[in-house]
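S.K.: Got a structure for you, questions after.
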Amino acid sequence: MGLLSDPVRRRALARIVLRLNTPLCVLSYVAGIAWFLALAFPPLTQRTYMSENAMGSTMVEEQFVGGDRARNFARDFAAHRKKPGALPVAWLERAMRSVGLEVYTQSFSRKLPFPDETHERYMVSGTNVYGILRAPRAASTESLVLTVPCGPDTTNSQAVGLLLALAAHFRGQIYWAKDIIFLVTEHDLLGTEAWLEAYHDINVTGIQSSPLQGRAGAIQAAVALELSSDVVTSLDVTVEGLNGQLPNLDLLNLFQTFCQKGGLLCTLQGKLQPQDWTSLEGPLQGLQTLLLMVLRQASGRPHGPHGLFLRYGVEALTLRGINSFRQYKYDLVAVGKALEGMFRKLNHLLERLHQSFFFYLLPALSRFVSIGLYMPATGFLLLVLGLKISSTLLWMQLHEAGVNPEEAGKAPGPGSPPLATQSVSLASLMAPLLISQAMGLALYFLPVLGQHVAAQHFPVAEAEAVVLTLLAIYVAGLALPHNTHRVVSSQVPDRGWMALKLVALIYLALQLGCIALLNFSLGFLLAATMVPAAALTKPHGPRTLYAALLVVTSPAVTLFGSLFLWRELQEVPLSLAEGWQLFLTALAQGVLEHYTYGALLFPILALGLYPCWLLFWNVLFWK
């Protein structure tokens, strides 16, 4: 405490902080990026292991042999679906009753905020069909779910056939201690969300649905299945859920264990697992998989029906059967045995999955990075903001004390502001703060509210009007400095931009810190792009270079660049025109998923990071 209370020592500390601020910021930023890239290398990446004792062994004998029955169900389902063009509800009810399930249906409808041009829908109505297999050895207090989504552009017939064949097989067993729900949903995620809301008796998205006539126990775990062929070459597992939520790592370990037992080839992010982690090739391949997971998790989208289950505290995975050119070929029997083994082990659970990790990154299915090892990467990046906040605050305090910063730290250049003894009025900062936040509110509300007006006056559809309004408001924010400086009093000293930058730095640090705790991937990507521009921005020096850096690291350009990086890692590169179209589609889908499922990426960018970025733009053009 003596160091902080003694004026001489405090002055010496301020001198050190000001003199070494830039080298420390550069070192901290490089350390954060290097730490993240090292996450795919041992010893930061560790082998996965089963933490739940009830699932620690795979000593169960899978007896499923209903491959032919599954294919027959799949053919009948596809034939009946072609006739009406929608989900064959009556046929599904008969098929589920024929295998001994309690069968129920649920109708739902949803008017989207604007037309979904990707799936060509606006007024959505459909019916979910589900059957319940009651546990013969226990009361209906707990349950498991096997679900198959059926969309307008994906039939998923083989998955429905396998679901019905597994239901018939499970019906003949007496060891079940949990109810099993076999769910077929219409309109993909919309049907899943409608069923989940009705099952838990809540309404968070505005979907209109009929109440469920039949319920089982509290859902402990769920598996979503998507198959495109009778024969698969691999099973790809998806873990990223709504707003970056992840299932318990033990559920993923259980899937991998039974794939290994049955000889099934399993992939993550469509990538095969590296076999050799001692050479450089294995970790580099793991780094590609890790980057793909980071990009998908940062999007906040539910990348499968399991992503909506996670919001209700239900551990869930989505399994997708891939039929590619690989030499490995597996039929529905092999996939059914893996699912049977997973459900038999989940049947042994005495409590919810909680022993293993909920926050992790995956460079491979057999490797993971825990939260204690990946959070320092964001910590180093946020330390840059902390150093800039402390240096700016010290600089202003030295001004008020009448000490020249050049004498204290030799840090500022020839354009440093003159000495001043009067403090900055908080009222002088209210104009840029309020106008920046008002632009964020306009970006959030006006595109959806004004879509019909824009469609009436311009030759565009409603979805295009939403996207074009988004871009127009976003670009209009570039004129913000001219507007705010007309409001700010000319009597404010030149030191006013320092106070505004100090507020902007604190605002950005708080936002990135909170985002990183909720969704590490999103927080890290935003910190890696926005922190350098935030630290360098000032109203003197190479202003054109600073302006270009601010534009390149803005939230919209970060999203645009992430799409190119994502496709490059998938080995499907984009041209500039294709990237622009994908960017416009991503904007529309981001807004639509916020209003439909509650995805938070759009409000985070519109109400938080965009106004904060405008503050730095205002600092750059301070007069």
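Positions of Cβ are set from backbone N, Cα and C atoms, glycine also.
From TrEMBL, here are the annotated features:
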- 20-41: transmembrane segment (TRANSMEM)
- 357-387: transmembrane segment (TRANSMEM)
- 424-446: transmembrane segment (TRANSMEM)
- 458-480: transmembrane segment (TRANSMEM)
- 500-533: transmembrane segment (TRANSMEM)
- 545-566: transmembrane segment (TRANSMEM)
- 600-622: transmembrane segment (TRANSMEM)
S.K.: Please check if the transmembrane segment (458-480) comes into contact with the transmembrane segment (600-622), where contact means 3 or more CB pairs closer than 8 Å and the residues in each pair are separated by 6 or more positions.
M.R.: yes
S.K.: Hey, which bits of the same chain come close to the transmembrane segment (600-622), Cβ under 8 Å, at least six residues off its ends?
M.R.: 243, 298-301, 432-433, 436-437, 439-441, 443-444, 474, 477-478, 480-482, 484-485, 496-497, 500-501, 503-504, 507-508, 511, 515, 522, 526, 530, 533-534, 537-539, 543, 546-547, 550, 554-555, 590-591, 593-594
S.K.: Which sequence positions outside the transmembrane segment (545-566), separated from its termini by at least 6 residues, show Cβ-Cβ distances below 8 Å to it?
M.R.: 291-292, 295-296, 298, 474, 525-526, 529-530, 532-533, 536-538, 573-574, 579, 582-583, 586-587, 605, 609-610, 613, 616-617, 620
S.K.: Take the transmembrane segment (357-387) and find every residue of the same chain, 6 or more past its ends, with a Cβ under 8 Å from one of its Cβ atoms.
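M.R.: Distant contacts of the transmembrane segment (357-387): 17, 21, 24-25, 28-29, 31-33, 35-36, 39-40, 44-48, 237, 239, 246-249, 252, 256, 266-268, 273-274, 277, 283, 286-287, 289-290, 293-294, 505, 508-509, 512-513, 516, 520-521, 523-524, 527-528, 531-532, 534-535.
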